[in-house]
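Record features (TrEMBL):
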- GLY14, ALA15, GLY16, GLN17, MET18, GLY19, ASP37, GLU96, LYS101, SER123, ASN147, LYS278: NAD(+) binding site (BINDING)
- SER53, LYS60, SER123: CoA binding site (BINDING)
- 10-186: domain '3-hydroxyacyl-CoA dehydrogenase NAD binding' (DOMAIN)
- 190-286: domain '3-hydroxyacyl-CoA dehydrogenase C-terminal' (DOMAIN)
- HIS144: site 'Important for catalytic activity' (SITE)
Amino acid sequence: MTNMAGIRIIGVVGAGQMGAGIAQVVAAAKYQAVLADVDNSALSRGMKSISSSLARFVSKGSLSQEESDATLGRIKTTVSLSELRDADLVIEAVSESEDLKKRIFSELDRVVKPSAILASNTSSISITRIASFTQRPQQVVGMHFMNPPPLMKLVELIRGLQTDEAVYNTVRELAQRLGKTVTCSRDYPGFVVNRILMPMINEAFIALQEGVATAEDIDMGMKLGTNQPMGPLALADFIGLDTCLAIMRVLHHGLGDSKYRPSPLLVQYVDAGWLGRKTGRGVYNYKSAL
């Protein structure tokens, strides 16, 4: 089984906002990163996002151009999961779909070396269930980065029922070497962060649906009234309304409490394709800014 000293190559599956950010964090910490996605255009967008992020650090003086270039040089891209065969640890960062994660973990289990650790960046789905898709459940762990990974300091670690203590300790030490602060959660739906955050976002949608206040006033009230950096509706747009809805459905199904029932307005926005910043329209309209 891989230990901390044996981690040199880290695979990241999914080149979206989270996956690209995680690959950047990994490479910035001087690990070799292999970023995998089935879509070449997604990989191109992911690498462009990483370049832009690094350029911002350089412009602020917190990173030298040489360090930026070296970080980019440590990231390899691929459209084949078989290219992760030499990875010591793989972090899955695809969308919040259990069926998709099942396919990916089943394939990863076949192609990566037996000693490799498999981690999921899932924000709500059971790590124990994800681990059951593999023949190495003791080497599967939840490693939930916050968005955007290069800026947010927290990593939420989740032990599955069968996660080995040595695996957990290895991943915890890795997260710290990536410059992150670690919190640990038991394997319950939504873990800690999203079990508390998503019902708040959902309640903001219910307040908007009921006409309690405008979206702007709801967000301003929560920003200035509770000292949050952005309001819950703007945050939902940033996260992606489809992701918020998927997490609420996991909470509702997994915990069985009606208080987790997704807001009908949130469901309607997702049905309309209003997913937030990534589509140019969510609670707010971003098309003029695109």
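Don't overthink the numbers, they just go from 1 along the chain as shown.
Backbone N, Cα and C atoms are what each Cβ position is placed from, and that goes for glycine too.
The Cα atom of HIS144 (site 'Important for catalytic activity') lies nearest to that of GLY16, taking the binding-site residues GLY16, ASP37, LYS60 as the candidates.
Non-local contacts of ASN147 (NAD(+) binding site) by the CB criterion (under 8 A, 6+ apart in sequence, same chain) comprise GLN17, MET18, GLY21, PHE238, ILE239.
Ranked by CA distance from GLY14 (NAD(+) binding site), the binding-site residues SER53, LYS60, SER123 have SER123 at the top as the closest.
The separation of LYS60 (CoA binding site) from GLY16 (NAD(+) binding site), Cα to Cα, is 24 Å. Taking SER53, LYS60, SER123 as the binding-site residues under consideration, the smallest Cα distance to LYS101 (NAD(+) binding site) is found for SER123. When the binding-site residues LYS60, LYS101, SER123 are compared by the number of other C-beta atoms lying within 10 angstroms of their own C-beta, LYS60 comes out lowest. A count of other CB atoms within 10 A of each Cβ picks out GLY14 as the most crowded of the binding-site residues GLY14, GLY16. Residue counts for the domain '3-hydroxyacyl-CoA dehydrogenase C-terminal' (190-286) under DSSP, split into helix (H, G, I), strand (E, B) and coil, are 66 helix, 3 strand, 28 coil.
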